[in-house]
Ligand code: IPE
Ligand code: IPE
Ligand code: MG
C-alpha cells in the first residue's frame, strides 16, 4: 500500500505544484486560546473560531484528495484546564456533532472517534457512537476525531488488552509482535499518519499518536488554528510533497556509492 496518492491527472492539485498528497494528515489544532487572548477576547472565542477552521479544513482535505484527516480536539490532559473552559469545549463538540452530522453524511464523510471512552458522560458517548454509526456507510474522507485522547493512555489500554489475552492463554508473550500492538490501539483500522501538522507555534507532540508517528513527516506552523486557512493548509501539503521519506533505507535516486 503506498502512503501517497499520485495526482498527475488532477488539475486542482497540480495547479499549485502539488504532485502528491499524503494519504493521512493528522493535525494538532493548537493556538486557539492565545489567538483570542492576543485580541483581548476570552479563550473560548478562540475555540469557537476554531470550529469554523475545522469545517474549512475538512472541505479542503476533500478537495485535495486526502483519504484520512485526524483532528486532535481534546487531550486526556486537557481535563486539567479550568472547569469553565472544559465545559465550553464539551458543548462545542456536542454542537459540532449535532449540527454538522447531516452535512458530513451528505459530503460522504465517515466519522471515527479515537480516545478513551471510559468515564465519559453517557449522552456525549451516545452522540459520538451515533456519529460513527450514522456515517459508517460513507466512502469518502475518513474524519478521525481524537477526543479524550492521549497516546500513553492508549498504550496502557492496549497493553491491558494484550495482557488479558496472554492471561487467557490465547497468546504467548514471546509471540507478541508490532502488528499485535497496532491491532490493540484505537487506530487499529487506520493507516499511520503520513503528515502531522501542529499549528500555533509549539514544536511538540503533546502525547499525540506516539506509536503511529514513527515515520510521519512533521510540519510546525506558527499560524494559530483560528487562522489556519486553506492557503496555510496547502503550505503544509507542499512542504510534505518536497520531503524525501526513506524509512531507514535510501532514496530511490541514491547511487549507492
Ligand atoms: C487548542 O488550543 C485547543 C485545545 C487544546 C482544546 P489551545 O486552547 O491549547 O490554545 P493555546 O495553545 O492555549 O493558545
Ligand atoms: C494539544 O494541545 C491538544 C490539542 C490540540 C487538543 P495543548 O495545548 O493541550 O498542548 P500543550 O499543553 O501546549 O502541550
Ligand atoms: Mg495549546
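Each residue's number is its place along the chain shown, starting with 1.
Any Cβ shown, glycine's included, is placed from N, Cα and C.
Per TrEMBL, these features apply:
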| type | residues | note |
| --- | --- | --- |
| ACT_SITE | 30 | active site |
| ACT_SITE | 78 | active site, proton acceptor |
| BINDING | 30, 217 | Mg(2+) binding site |
| BINDING | 31-35, 43, 47, 75-77, 79, 81, 198, 204-206 | substrate binding site |
For the binding-site residues 31, 33, the largest set of other C-beta atoms within 10 Å encircles the C-beta of 31
Give me the Cα-Cα distance between residue 33 (substrate binding site) and residue 78 (active site, proton acceptor), rounded to a whole Å.
-> 13
Looking only at the recorded positions 30, 78, 217, residue 198 (substrate binding site) has its closest CA neighbour at 30
Recorded positions whose CB lies under 6 angstroms from ligand 3, from 30, 79, 217 | 30
Residue 198 (substrate binding site) has how many other Cβ neighbours within 10 Å of its own Cβ?
-> 24
Which whole-number value in Å describes the distance between the Cα atoms of residue 79 (substrate binding site) and residue 30 (active site)?
-> 16
Residue 31 (substrate binding site): secondary structure state under DSSP, collapsed to three categories = coil
Taking DSSP three-state, what's residue 217 (Mg(2+) binding site) in: helix, strand or coil?
-> strand
Report the same-chain neighbours of residue 205 (substrate binding site): residues 6+ apart in sequence with Cβ closer than 8 Å to its Cβ, ordered by sequence.
-> 28, 151, 196, 198, 213
Determine, using Cα-Cα distances only, which of these recorded positions is closest to residue 47 (substrate binding site): 30, 78, 217.
-> 30
Could you tell me which three-state DSSP class residue 198 (substrate binding site) falls into?
-> strand
Out of 30, 31, 33, 198, 205, 217, which recorded positions lie by ligand 1, with a C-beta less than 6 Å from some atom of it?
-> 30, 31, 33
